[in-house]
Structures are given as C-alpha cells and as structure tokens.
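Asker: Dumping the structure here so I can ask a few things about it.
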Amino acid sequence: MERYLRENFYVQPKRPTEDNLRRWRSAVSVVKNPRRRFRWVANLAQRAEAEQKRKKLQEKIRVALYVQKAALQFINAANRSGNYMLSKQVQEAGFGIEPDELASIVRSHDTKCLEHHEGVEGLAKAVRVSFQEGVSSSDIKHRQNIYGTNRHTEKPSRSLWMFVWDAMQDLTLMILIVCAVVSIGVGISTEGFPKGMYDGVGIILCIILVVLVTSISDYKQSLQFKDLDKEKKNVSIQVTRDSRRQKVSIHDLVVGDIIHLSIGNIVPADGLFISGFSLLIDESSLSGESEAVNVDKQKPFLLSGTTVQDGSAKMLVTSVGMRTEWGRLMETLNEGGDDETPLQVKLNGVATLIGKIGLVFALLTFLVLTGRFLLVKILHNEISKWSLNDASKLLNFFATAVIIIVVAVPEGLPLAVTLSLAFAMKKLMNDKALVRHLSACETMGSAGCICTDKTGTLTTNNMVVDKLWICEQTKAIKTGNRDDNMLKNSVSEEIYDLLLQSIFQNTASEVVKGEDGKIKVMGTPTESALLGFGLILGGDSKFYNEKYKIVKVEPFNSIRKKMSVLVSLPDSSNKTRAFCKGASEIVVKMCDKVVNAEGKVVDLNEQQRKSITEVIDGFASEALRTLCIAFKDIEGSSENIPEDKYVLIAIIGIKDPVRPGVKEAVKTCLQAGITVRMVTGDNINTAKAIARECGILTDGLAIEGPDFRNKTQQEMEQIIPKLQVMARSLPLDKHTLVTHLRNDFNEVVAVTGDGTNDAPALHEADIGFAMGIAGTEVAKENADVIVMDDNFATIVNVTRWGRSVYINIQKFVQFQLTVNVVALMLNFVSACVSGSAPLTAVQMLWVNMIMDTLGALALATEPPNDGLMKRPPIGRNASFITGVMWRNIIGQSIYQTIVLLILKFRGEHILKLNGPDASSILNTVIFNTFVFCQVFNEVNSRDMEKINVFQGLFSSWIFLMVMASTICFQVIIVEFLGAFAQTVPLSRDLWLTSIIIGALSLVVAVALKCIPVPVRNYVSTHHDGYEPLPTGPELA
C-alpha cells in the first residue's frame, strides 16, 4: 500500500507542482460525494482561469505604470474646464474632489491633474486634512460614506443549507433514497399500512440524520477557517490621527489618512508621497516588473499592494478598497482555493484503494445473495413464479450491496485531516500562533531542526540601555525617572549635546504622546531603548528636529547593519553633520578618531582600538547588545553620507533579557530530537552568552556569518552538523544554511524571521515562522505561521500540535480501517453461508456515522499530550500506515469477525434463545455487539502503542461527548426505534453480554501491544553525528 501511495498520492508540503496535483486527482476513483470530498481541494481549472485574469489585469496596470497614459492625460487636461462641478453629496460633505477623480490621479499617474489640484498639498486641502494633525477620529464614518471603506470584495460565506445540499449529493445515499421509496411502495402493497413502510422510512430517517450530522460538522469547520482567514487579513499600520501617531487596522483606513511607511510594509491603499527618504518601492505584485521604483516628490504615486523595499516616508491616502488596482486584483487572488496538504492527498489514496476493495466485496455480496435466492427458486421449481415479495427481497439485496459500499468507501478519511487541522489551527490561534497554510501544521510534526532568531524570539524584546562607554569611561545606567545630571558631571557640554543629537535625529522612531497624555516611543525595540535613554538624560526630540534640518537618511537594514543621517548645521549654510549608529565592529572600522577622557577629539590609535574592542567584548559577554554612535562634520554642502573618517562618541550596551520559559522550551526540543540553532545579526560574544543561557550552545560550534559564507561545500558538510550559533549573519547566510540542511542533510527545517530580507529563507524552509510583533508584512506574507507573541515557546507549541495532528489522523485511520474490514467480512461471509446479511441498511448507516463523522470528531480532535515531545520527529519519508497500525488493525479485525460470526451461526444455541422472535433478538445482539466493539475500539485507538489508553481521557471532552452520545443513541435505536431499525428490545443480560464482548477488545489490544513490531528508520543522521532514534508514532 505504501508504495502505491508514494507513486500516485504524493505531493510536496510547500508549492506542489501542477503535475503532482493533477496526477493524484487522476488516480482517485470510487468517490461517493465529490462535492464534499474535494471541498478543501484546490480547483485547478478555476485557478488557471483566475491566473489568466490576473495576468491581463497586471498587463493593464503595467501599461498604466510605464506608459502613463500620456494621451489620456492630454485629453483629460484639455477637457477639464475651469467650472469643475462637484456632486451634491461631495459638496454637502465639504470635500473638494470627487472619489473617482481622486482615485484616477494615482491609478493613472496623472501628473497634469495633480498639478491642476496644486499638488499633494492642494489635494490634502480638497480632502480636508492637515499633514500635522491627520484625520479626526470623529470624521471616519463620514469619509467612509463618501470615499468608501478599505475592504475588497469577498465571496459570501456559505450557509448551513449549502452544506446540507452538498451532503445530499452522495451517490450512494441517493440510491438508498430511491430504494427506500420503492421499499415503502412494495411494503405497503404486501404488508399493508403502516407496517410495510417501516423499513423504507427507517432508511430515510437515518439518511436525514447522516446528512444533518455531516453538514453541521462541515459547517462548523468552515466557520473556523473563516475566523482564521479574518485574522490573517487583520494587519496594522501606523498613521497620524488626532494629531498623534498611532496604530490602526488597514481595514479602518480612510481617504485623507497620513500613513507612515517603513521597510517591509505593504502599501495598504493608493496614495501620494508627502515626505521621506530613499523610498524604494517594489511594484512586481501589481505589474510583474521586478525592478524597484524610486518614489519622491517628483514621482509621488504609491499604489496599494506594492512593497517598501527600502527607505521611509509619509503618504496621503487617496483611494481605498475596490477603487484601487490592488482591490480589483485581490478578487482573483484566492480563486481556486488553497493547495491540499500531503496527508489529505495520501488519505484520498487510502480511501480510493479501500473503496475499490469495498466495491468488489459489495458486488460479490450482491451476486452471492442473488445467486442463492435464484438457486432456491430453481430447486423449488418456482423460477417462473415472481411476486412482490421476491422483488422486495432483490431490492433488499441491492440495498445491502449499496450499504456495503457506503461503509467500505472511507469518504471521511481525507475530511478527517481537514477537521483535525481546523481544530489545531483554532487552538493555536488562541495560543498566539496564526497558521497561514494548512500544510505547515502537518509538516511541523516532522521538523528536525529550528533555526531561530535571537532578538525578540529567545529574548523579551523589552530593551533598555544598561551600560554606556563615553569619554573612556564606562557607566552603569539606572533606568527610571529623568536624571539630567547623570552624565553632565563627567562629560563636557559639547559631547553631551552631540550624544543627544545623535540619539534623537539618527532614528526611524518617534516620541509621541499617548491618549493618556503620557510620552511613549513608536518604533523598534532598539530605537525605543535609545530614545528612552535620551529622554532619561533630559533630551527633547522636538528641540533637535527644529534646530537641525535632516537632509538625508539611510535607514537601518539587515545587510548594512547601520543607520546614517545627514543634517544641516544652523550656524552655517555650507556645513553638514553626519551621524552613524549600528553594529559595533562595523561602526568602529568607519572611525579614525575618538572622543577622549577630556572630551577632545583625538586620533584613534591601535592601543585605543584594542581597548575599545575589549569594552565591546566585555559588554557582549554580559549578554548586552552593543551599538556604537559616531559623527562627522563635513565642510561644504553635500548630499552624500560618508562611509569613513567618523569620530566615535559612545558605545552603548542594551539589555534584552531571555524570555521566561525559553530554556525549558529549548530543553523540550532537544528531548524531542529537534536541534535548535541560533542565527543572529548580533555580536558573537552576545550571541554565545544568550545561547548558553537558553541551553542552545553546549559543546557545539559558534561561527560568524562572514566565516560561514566563505566555506567550501566540503567544509559546510563538516561544520553544519556541529553548528549551534551563527552570529553577525546576513539574511543570505540564513537562506544558505536552510538550503544546505534541506538538500545535503535531508532535514525538515523550520526557520524564524522578521525582516524583509528574511523572506527568501522563510520561503525556502519547510516551515517559515514570521514574528507577529517585530515582523514586517513582507516577512509575514512569505511565512507559513505567524507567531503573534514573538515567543520561541509558541513555536514549540506549534510543533506539539503538528505531531498531534499526524498521530490523531493515524489513530482515526486505524479505527476506521478496522470497522471497514469487520463490516466487509461479516456481511460477505454471512451472505455466502446463510444467504442474508446480519446488519440491515439502517443499522449499517448508523455504523457508518459512528466510524466516519463521529469517529473523526472523537479521534481527530484529541489534544496533544506530553509524550509527543519525548520521541524523535516523524521522518520525511516515513510510512503513514505503520507496522504497529497494521498489527492493531489485523488483530482487532480477527477478534471482532470471529466473535460476530460465532454469534451469527451459533448465537441462538450459546445465548439459549428460542421462540418465534429468537432470530430478531440474535440479529439485534449482533448489531449491538458490533457497535460496542467499535465504541471500545475507539478507546483503544487513543494510543496505538501504550497499554494505558485511559490517560488524559477526561481532558478530552469532545471524545467523551462523542462516546456518550453514541451509547445513548444506540440505546434509543435498540429499545425504542425497533420498527424502523429492525431491532427488538434486549434483556439486561443480553445488554451485558454485548458490552462485555465489546469491552474484551481492550484485553485483546493489551495482548496485541505485547507483540513486538520491527521499526524502520527514515530519518537521516542527526546534527551530532549519532544515529537517530527510531521514528514514527510507535514511540508516541
């Protein structure tokens, strides 16, 4: 079976090829209800159609962007009259421009129309907004009524009745409904009313129950996915509103909002550039063109859906929602659905294989029953005599064959994966992990390596300045209230002023007043720590920004590892000053002078360089992040920021404590056979100190990025297994490491990232984790999971749930295959030997619901247990149906089949049944025993290897509810619905007999689990060079 599944039903977890997707679809056969079975499967035809639409729209946008509709602009300018008329609605609202014209200015890059409205400032007046104050919160609803909301057209969600309709499309249920209707007609004419209609009505009622339970379960799943989808789209952006900078949801943006853009942001609406520095925009998502575009006051047009590749800016929102090109494009983005997961595909293969076997058995059962019936008629010379009773019998034979197909085709297998994933994703969302791609939940169960960032993931990201080296003195900084004299007594006024100026002007963050009137910093944690330190020293950002005009900014990014700014000096028209801050080693190399103990600028000699390096190493060994601050005065006006000959002002040590629980989370990973590697841009000594504290760095290797990237392939293969820490790394180093781990060592790799440049590594990894707080939108778009609290422990929790999903599906498969085998064998052998099937159509439909919808609900939603993280990861190529599962399936099937067949053929004698209703009582006992065998086998399936299957039972409330409802409904069917289900009430002794025979399967399970099963290894050698422990669910 495993070979068949690998050849026909295998897809890659990420970005499967279209050939792969088409291959498994063509291999699927014996499908009862395609609409339900393939609901969560991508529609390739719809997707191809949407792709064509998208390409046409992109081409149209590309023409608009690069040809700029010059002729149209000329015509518009010629037709634009001086008596420009506004609609009554716009006039009454107090605005000076129509929504469609405002939208077309940016969409068409219409510079003529922009000039006609007196530029960006003129449009700001037309939409009644001030660049300093922004939109007023009280005006939001008003603006939305005129200019629209920032939401795109979405497909309406499906109602419960649509799921009911889908459930009714099951071919076998349709056939059974026809059989039931015919049975009612034949029954009434032969047995009279109402007795003759009981069989047919019983089938119809059971079908209604199956359809309702199935559709309600599917509807609840769809609601879970809808909630997750809503959470995915909930992105925040910084705006100026009510005269202060604040974060709002992109859905709440309105025309006139002043948005603050920085590296990694996705532009959330169409707009115009107000001010900023070095803004570089990637428009490939709209136009398909890969070359980034510079946006400035000469070319101020910003389009929704594009990405900020570099720089920062403020923009004025001019159009939102469906008035933007991105809004139109978004209509096509989700057409065709998401790719199916590997487990969904694999279980479609299992369902196909078992369905074929079931079809053969159903056909054989029908032929045997019909053959025996005809043989009896021939032997009694009645072959030419046919009555309605004979027709009713043949109809019952056909219904039995159809029912065997209903039970034998495990339609619920692929859907159980979706149910389990939906349940896990909902729970993970509550635990601060937003799963963007279904397959990530599955794949995380196989992860053997996690490459994690340090800052914010292993540490708290609550940074404060802890130490300062300035004028050859090291000072410990006490955080708390403002202290103007902290440095004034030991540092000259000039150096003190330089330090504050560098802090408040060389920054991408902003000091703002909150709603409560308190001062706070909006920006990254590092910037917040520095600005907070400046405020403690008594500095004032407004004073410096008014006194010194910023000429140019080079924002920090993970490649430069520094930020620089050029400011003009007020006392001279041709003098500028450059400030630089960043990674200590990089900034120190750029300096040739330093401020000495007397506060004088002196040349930096080798001895001083050595002592500065010692200071940096000393700070780093205390697990402090180190930053250097430098300046350079430049004679003559210049717009280029220099790269050398700076004066070193200070070295700052920033404290970022390790998160509580991280050490325990790392220990859990190591126990689970998962290697944790730290990849950080920080100083190697800081990285090593934090790694030791977390338990990541033990006796392994710590290396710097420049050394790593210069290694040969052979050297890489030698050092990567021992590598535990990589410091001063570039995003490209992370990508290289992930590629080598996946290709050379066959590892399933999870990687974390927060910056724009982490996108390639997140894309390349098997599972990409983006940080929800510190992460850019570009990183989140390329990730599979968003860690909402930026906590490493959350990543470990995703791993736990990933393993749980895999194991839960295996439990359900084991349970369902056992029911399939027993139902097939019982009906087939009984038909061959006695000429009748022991279980009626209604009874088999109830059994099908127990093993399909209810079984999936009970087993596929079991919460993870601690044992899951005490075994190695599941191998990349591990068999899904393992030897342990086959042992349990075959053993339980043999026990149940033998017991039920003994009851069928010797039951009356063993149970001492006599009288006219002995046969009805026996058949009821067989049905009751069969159901209780499945109830107790469901309990057995909770753990495939351990003897104690009751551990954690009372924490799994869904399982308990399913068990209780199954037993209650079984009592109702047997005791009260006999007319429809063809059962009779049983005595207390017979109830006890059925329960005891069912419960004996627990004893059988204990005996089976004592039989050893050889375990096959599928995982490559681990990072430490030792052979891995055996993998698979056997060790759960």
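Positions of Cβ are set from backbone N, Cα and C atoms, glycine also.
According to TrEMBL, the record shows the following:
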DOMAIN    114-188  domain 'Cation-transporting P-type ATPase N-terminal'
TRANSMEM  171-190  transmembrane segment
TRANSMEM  196-216  transmembrane segment
TRANSMEM  353-375  transmembrane segment
TRANSMEM  395-424  transmembrane segment
TRANSMEM  957-978  transmembrane segment
TRANSMEM  990-1008  transmembrane segment
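Help me picture where these features are in the structure shown.
Answerer: Within its own chain, the transmembrane segment (196-216) is flanked in space by residues 36, 160, 163-164, 166-168, 173, 176-177, 179-184, 186-190, 399, 840-842, 845-846, 848-849, 852-854, 977, 979-982, which lie at least six positions past its ends and keep a Cβ under 8 Å from the stretch.
Long-range contacts of the transmembrane segment (353-375) within the same chain, counting only residues at least 6 positions beyond its ends with a Cβ under 8 Å from a Cβ of the stretch, are 1, 4, 29-31, 383, 390, 393-394, 397-398, 400-402, 404-405, 407-410, 817, 820, 824, 827-828, 831-832, 835-837.
Away from its own ends, the transmembrane segment (395-424) comes close to residues 30-33, 36-37, 40, 170, 172-173, 175-176, 179, 182-183, 186, 203, 217-218, 221, 224-225, 341, 343-345, 347-348, 350-351, 354-355, 357-359, 361-363, 365-366, 369-370, 373, 435, 438, 441-442, 801-802, 804-805, 808-809, 812-813, 816-817, 819-820, 823-824, 827-828, 831, 837, 839, 841, 844-845, 847-848, 851-853, 855-857, 859-861 of its chain (Cβ-Cβ under 8 Å, at least six residues beyond either end).
Counting same-chain residues at least six beyond the ends of the transmembrane segment (957-978), those with a Cβ under 8 angstroms from any Cβ of the stretch are 202, 843, 846, 850, 854-855, 857-859, 861-862, 924, 927-928, 931-932, 935, 938-939, 942, 984-986.
Outside the transmembrane segment (990-1008) by six or more residues, the chain places 887-888, 891-892, 895-896, 899, 911, 921, 925, 928-929, 931-937, 939-940, 947, 949 with a CB less than 8 A from a CB of the stretch.
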